[in-house]
Amino acid sequence: MSKTQILHISDTHLGKRQYNLDFREQDVYDTFSQLIDIAIKEHVDGIIHTGDLFDINDPPNKAEIVAIRELKRLKEAGIPFIVIAGDHDSPKKFTAIYPQKILEEFDLIKFLSKPDTPYKLGEITIYGISHVPNVAKERLKELLSRLKPENKKSILLLHQGLKEVLPYEGAWQIQIDDLPKAFSYYALGHFHTRRVFQLDGGRIIEIAGSPDILREEEIEGYEKEGKGATLIDFSGDIPTIQKINIDVRKQYVVTLNTNNLREEIRKLREKYDTNNEKKPIFHIILEGKSIPKNVLMKELQEINNFAPYWRIYKDNTKEKDEKDVKIDLPTDTTIENLIYNYLVKIANFSETEARMIVDIINRADEREYVKEELMKMIGVENDNKKN
């Protein structure tokens with residue numbers, strides 16, 4: 001019995017610059033290179049790519065150069081690269097062409113541009129339909145109904161929204177019942193998190209996912225399923241699959257409480273600062289009391305010492321209107337008590353920090369204008385001020 005293995009990859013999005021960062025664009029190229037390394041190392045019989053090879057229809061020169069360089073490695077190893085287009089790299093204008101056509105012109109890929117014309121890889125027949133938008137979903141269903149593979153060992157490549165995965169109006173074009181039943185394997189792109197559906201008769205729907213974390217919503221899926229490619233073994237009558245993970249830059253959604261921000265950042269560094277060459281990205285959820293933006297950003301700058309990029313993902317801090325804040329003061333209050341109460345109850349300093357500031361002030365020059373300015377700052381006029 002001959003052993004036939006195919007590597008399924010998808011949604012590589014070459015040219016993608018997450019948050020417009022140079023190093024994130026390079027990360028995307030590095031993950032693609034890792035996938036090619038896997039294909040060569042595993043001596044696979046072919047690679048199938050289910051759409052969004054490029055992030056846009058008119059990719060930057062660097063993305064095309066990376067694609068050409070890596071696909072030449074595959075060609076030299078005798079491994080065919082069979083591909084369809086996704087919604088990102090499909091033409092948006094009638095006069096535009098698929099970037100895959102350029103690669104096919106140099107005999108680097110096999111672009112499945114005709115649904116009824118399969119590619120034969122040994123005893124396996126591979127069909128493919130590039131992304132079809134919502135406005136033409138009835139036409140897509142008609143195309144699917146007409147597909148009849150020549151043999152049992154057959155693969156259908158698609159890049160579509162599937163209702164069972166994304167059941168929102170306008171987000172899907174087909175559902176599982178729309179798939180032609182004669183295929184043994186359905187390889188899907190478009191979704192960035194891995195997923196597998198086992199159907200009757202040993203049929204499999206498999207979503208390879210994107211090989212890198214391209215949106216913060218993918219982090220949870222990455223932590224559960226990893227990122228990389230799927231190795232499909234067609235040696236038996238029923239295909240079997242194996243996930244192969246690759247090394248990607250980690251991203252985390254973390255919660256920081258502004259009530260004790262410095263300590264929170266210290267713990268964050270202690271937990272995530274590693275010797276890994278690819279430092280992580282943080283998506284920060286803020287909790288606690290609202291603090292002045294300049295104070296907040298100054299504190300958060302500390303994260304730059306152990307992460308190349310961070311962003312405030314959600315701000316759940318509670319706003320406090322200083323005009324509505326009232327401090328109950330005893331009749332015999334002192335300037336020190338006024339300052340202390342302001343620092344703790346309005347400026348959100350800790351009690352320790354407030355005492356330290358008051359102590360510093362007490363050790364400073366006792367000139368009258370210092371007290372006057374401090375009293376203005378906290379909104380208390382000096383009734384004893386001499387005119």
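The count begins at 1 with the first shown residue.
Cβ coordinates are placed from backbone N, Cα and C, and glycine is handled just like the others.
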Suppose a student reads Swiss-Prot and sees D11, H13, D52 listed for Mn(2+) 1. Which of H192, H283 should they find annotated at that same site?
H192
Kindly point out which candidate in H43, H190 is recorded by Swiss-Prot as part of the Mn(2+) 2 site with D52, D87, H159.
H190
I'd like to confirm something. Which of the recorded positions, D87, H88, H159, H190, has a Cα closest to the Cα of H13 (Mn(2+) 1 binding site)?
H88
Applying the rule Cβ within 8 Å of the centroid of the Cβ atoms of D52, D87, H159, H190, what extra residues of the same chain belong around the Mn(2+) 2 site?
D11, T50, G51, A85, G86, H88, H131, Q160, G189
Whole-number Å distance between the CA of H190 (Mn(2+) 2 binding site) and the CA of D52 (Mn(2+) 1 binding site)?
8
Given the recorded Mn(2+) 1 site (D11, H13, D52, H192), which additional residues of the same chain have their Cβ within 8 Å of the Cβ centre, ordered by sequence?
S10, T12, K16, G51, D55, G86, H88, G189, H190, S210, L214
Provide the number of Cβ atoms within 10 Å of the Cβ of H88 (active site, proton donor), excluding the reference atom itself.
20
Applying a 10 Å Cβ distance cut-off over all chains shown, what neighbour count does H13 (Mn(2+) 1 binding site) have?
27
